[in-house]
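Colleague: Take a look at this one; I'll ask things after.
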Amino acid sequence: MVKRGKKTKYLFVTGGVVSSLGKGLSAASIGALLENRGLEVQHLKLDPYINVDPGTMSPFQHGEVFVTDDGAETDLDLGHYERFTSAKMTRRNNYTTGRIYQNVIQRERRGEYLGKTVQVIPHITDEIKAVIREAAGGADILIVEVGGTVGDIESLPFLEAIRQMKYDVGEENAVYAHLTLVPFIAAAGELKTKPTQHSVKELREIGIQPDLLLCRSDREIPRDMKDKIALFCNVDPSAVFTALDVPSIYEVPLSLHREGLDDKLAELFNIWSRAPRLERWETIVDKVKNPRRGEVRIGIVGKYVELHESYKSLNEALVHGGIANDARVKLAFIDSTKLEEGDLSDLEKVDAILVPGGFGIRGTEGKILGVKYAREHKVPFFGICLGLQMAVIEMARNVLGLAGANSLEFDEQTPHPVVTLMEGQKGVTDKGGTMRLGAYPCALKEGTKARALYGADLVHERHRHRFEFNNDYRAQFEAAGMVFSGVNPDLGLVEMIELPGQHFVGCQFHPEFRSKPFAPHPLFAGFVKAALEHRDAQQRQPPAEVKKLAVGKNG
């Protein structure tokens, strides 16, 4: 066991050949293995893009924005780190080129460089090394994932900085792991190592000799091929590992352990640690692969359905809900813009309906139709952030009779702004980092479904929004049966809603950011449980005829 007071050791994870190989999952899985050996692990993601953070980037370009407790908008890989380990991510666990340059330029403006010419080397690289050391926070191991692909011009300052780190901290305190692709060429009937050889060659030209290679492949790489890779890449044969495609991401730590990766890391770092205790990972994988209660279909009604990375934490939180109920969750992505054409047949095929967060008016009328279908057919419903607001608008129009009810985000002239801009957001013009972000308290009402699911009176959840329920309409909604089950105790802001007599729950926050495979979030566990009960009830009766609901202008 590494004792406190010893130097932090650094594992640098780079990627080559193609993007989206799974560096984030590999880094998270390594963190899980090392943590299960009794080591304290922290993570850092370095992103080469010039945006200060991903908060203003399109989900189609970047995927999900993961929000931390301290209100940072970060890369989705931080979600993997939190789900796979006990480490808590903060804004210091994700840096971009833009943020690094911003720090350096601010120092230059303050005159901290004493009249020197500010350059990429040493000033930018020194700043990168400083944030690496800060992220360690006294942990035994800091795993640093460098985004992008080796060879990208944007990555060069980060690669130069991590090259220097080995000389700053010593050979035994820095290890380089390189993730590459070993593709199987069907026409030739064999695996090809040349892409890996060229990727490592490019990395070595930068001055980094990888200590170990993770070779992504859809099949086991034979020993003789690993020896060939080792020979051409100047790596010890025992340091070439198959990063095998597996059915569940929660099987990746077990797969890498079977390859002996964590033992090799202990050897390279020259540390002693206990054998990893992976029984709970084995249990999770068994529950994912062999659910006793079968399959349940959850319909996700959104507009980013073509890119599942847009809802990464949400998708995983639903899987966790399935684990909690010993069921397999099958996700059905339903394009809300297509629902606006009037055909709701896709909604009939699912056991529960979820409307996730989002921004912008496109697809909102389809989401409202999804809410209406769930309410009228008593299909379990879960609305998150914008999903809660869609539920409020749907009920205002179709139950309270408030024609034209809407959110001020979508219609500034609406006669009934049941969703309004938060007081603290009025006058805010900048887009980046200015929303209500991070963890805030939510007081739960006694006797409600929310209180029963959480088993607590007060919870803290992560937020990312500018708009809120308009409390001027609260009495009308309560008279119509809506229960405001969660409220911010400081501002009186509505955090949770529900309807009695069915599983119809909405929350203004993002509970998916706090769910883990070993600790499924109670709202997702309860939602999947309700979906299973609805599935079982539907199987006992003949299917109802699908209704087509007309789409009107704003209602």
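Any Cβ shown, glycine's included, is placed from N, Cα and C.
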Colleague: Among Glu340, Glu409, Glu412, Glu446, which residue does Swiss-Prot annotate as binding L-glutamine together with Gly358, Leu386, Gly387, Leu388, Gln389, Arg466?
Modeller: Glu409
Colleague: According to Swiss-Prot, Ser19, Lys192, Thr193, Lys194, Pro195, Thr196, Gln197 bind UTP; which of Lys45, Lys166, Lys226, Lys228 is also listed for that site?
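Modeller: Of the residues offered, the record points to Lys228.
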Colleague: Swiss-Prot records Ser20, Leu21, Gly22, Lys23, Gly24, Leu25 as ATP-binding residues. Which of Asp77, Asp126, Asp140 is assigned to the same site?
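Modeller: My reading of Swiss-Prot gives Asp77 as the candidate in that site.
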Colleague: If you compare CA-to-CA distances from Leu21 (ATP binding site) to each of the binding-site residues Thr193, Pro195, Lys228, Leu386, Glu409, which comes out shortest?
Modeller: Pro195
Colleague: Would you report the average pLDDT that the model assigns to the region 'Amidoligase domain' (1-271)?
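Modeller: Here the mean pLDDT over the region 'Amidoligase domain' (1-271) amounts to 94.
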Colleague: Among the binding-site residues listed here (Lys23, Gly24, Leu386, Gln389, Glu409), which has the Cα closest to the Cα of Lys228 (UTP binding site)?
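Modeller: Sorting the binding-site residues by distance from Lys228 (UTP binding site), the top entry is Lys23.
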Colleague: Using DSSP with the three-state reduction, classify Gln389 (L-glutamine binding site) as helix, strand or coil.
Modeller: helix
Colleague: For Pro195 (UTP binding site), what is the secondary structure state per DSSP, taken as helix, strand or coil?
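Modeller: Going by the DSSP assignment, Pro195 (UTP binding site) falls within a helical segment, counted as helix.
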Colleague: Given the recorded positions Leu25, Cys385, Leu386, Leu388, and counting only Cβ atoms in the protein chains shown, which has the most within 10 Å of its Cβ?
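Modeller: Result of the Cβ crowding comparison: Leu388.
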